[in-house]
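The structure under discussion appears below in the form of structure tokens.
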């Protein structure tokens, strides 16, 4: 009886007394052989399966960007969610930190085009949009080379910093298959800014919708039908990225809307890389230091619109128009903050029920929601003000504000309140709120006291500092 139980493919108890399950079906045969080999090297009896880390990694990583959709449709085992979700989330977050920072670096560096292309379009120097976009593409592709090398050795890096070897191996395989998507993202971001600064939003929306519609069945086929498992999700993401690149580039090449702004590739794109990096590096730092703002998609979108309008107006020498654009986007951000925080506050008990049905958890989440609502308000405002900063070319100033607010004020306050004064999670969150409030206050003060006529002069000086290349077809 004991032997039958030991060899049964159901949940077991490992030597530490924890219950476990066999590896997920999402892992391929090679993974299972490696898992058995590594278990033998670690001295784990074959009759007692360990926690099933690789299986859980397969289950979570194979979902890709549409994991939430799959879980919503198929559901998740309640015991797995309740007992293993916290540990799994911590492990996944630790494994993806390096990759997330690298991805945000591409987004941030492309943010320099919000200043350069936006102001050039406002000044009707249409040729500069193409030159600056080529410059950004070349720079980001070069940056992707060391990033991809790091991703190739990601499993060894994770083991070196103390992560579980089984999970590190799975994460490493996933990142290798994501490398093609990394280079595609280096093209998507500059092309997106190229169209965004011309207020060509519908092509971006339509291509994103088409990509999403194709990606869902593609991801399902690659994960469940091809036998690739979670690596299929990474490959599907890479394919979808390149599909998006092809559609956007095709639109730019053949659309009459881009007739004046598209140019032939020119050596000029290689000459001004230093000027591009002076805006791109602070922009990347600005994004990486406040990556949480990417979760607030509505205010981030409003900030992108504000960046475009402010840059266009400054480039055209219209400081009053830039000032008016700032007022409009701030009003929209304030309205969004009131609606979202109000709804969250009204449904605070439902938020707790989304995490657990235990009364203790529900009560704690309910008590934390007012602080979260305050964070929503400050983050909505700062996301829009960050967009204004990018439109004005204040990337370096924004990076300093973010660095000082969170790393010199927010984190020390969180440590003081959470650990020294023993206020627990509430103290930690209050510390982060102080950083967000400081960031919003500083950006608001900078924007309020801005000399807009002087900013318009500087924008036009920046735009007219280079000669025009040959026009495109």
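Counting begins at 1 with the first residue displayed.
Heads up, the Cβ atoms here are built off N, Cα and C, so glycines get one too.
What you are looking at is a predicted structure, and each value in this text was computed from that prediction instead of being measured.
Positions annotated as compositional bias 'Polar residues' by TrEMBL: 1-11.
Residues annotated as region 'Disordered' in TrEMBL: 1-56.
Per TrEMBL, transmembrane segment is recorded for 98-121 (among others).
For the transmembrane segment (133-154), same-chain residues at least 6 beyond its ends with a Cβ under 8 Å from one of its own Cβ atoms are 98-99, 102, 105-106, 109-110, 112-113, 117, 168, 171-172, 175-176, 178-179, 182-183, 186-187, 189-191, 193-194, 263, 265-266, 269-270, 272-273, 276-277, 280. Positions annotated as transmembrane segment by TrEMBL: 133-154 (among others).
The annotation transmembrane segment is assigned in TrEMBL to 200-221 (among others).
Within the same chain, residues 61-65, 174-181, 184-185, 187-188, 191-192, 194-195, 203-204, 207-208, 210-211, 214-215, 218-219, 221-223, 262 sit at least 6 positions outside the transmembrane segment (233-254) and bring their C-beta atoms closer than 8 Å to a C-beta of that stretch. According to TrEMBL, the feature transmembrane segment maps to 233-254 (among others).
The feature transmembrane segment is assigned by TrEMBL to 279-303 (among others).
Feature annotation from TrEMBL assigns transmembrane segment to 324-346 (among others).
If you look up TrEMBL, you'll see 361-385 (among others) marked as transmembrane segment.
Within the chain carrying the transmembrane segment (397-421), a Cβ under 8 angstroms from the stretch's Cβ atoms is held by residues 282-283, 285-286, 289-290, 386, 389-390, 427-432, 434-436, 438-439, 442-443, 446, all 6 or more beyond its ends. What TrEMBL records for 397-421 (among others) is transmembrane segment.
Summarising the annotation, TrEMBL assigns transmembrane segment to 427-450 (among others).
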* Same-chain residues near the transmembrane segment (324-346), Cβ under 8 Å, at least 6 residues beyond its ends -> 298-299, 302-303, 305-306, 309-310, 313, 369-370, 372-374, 376-377, 380-381, 383-385, 387-388, 447
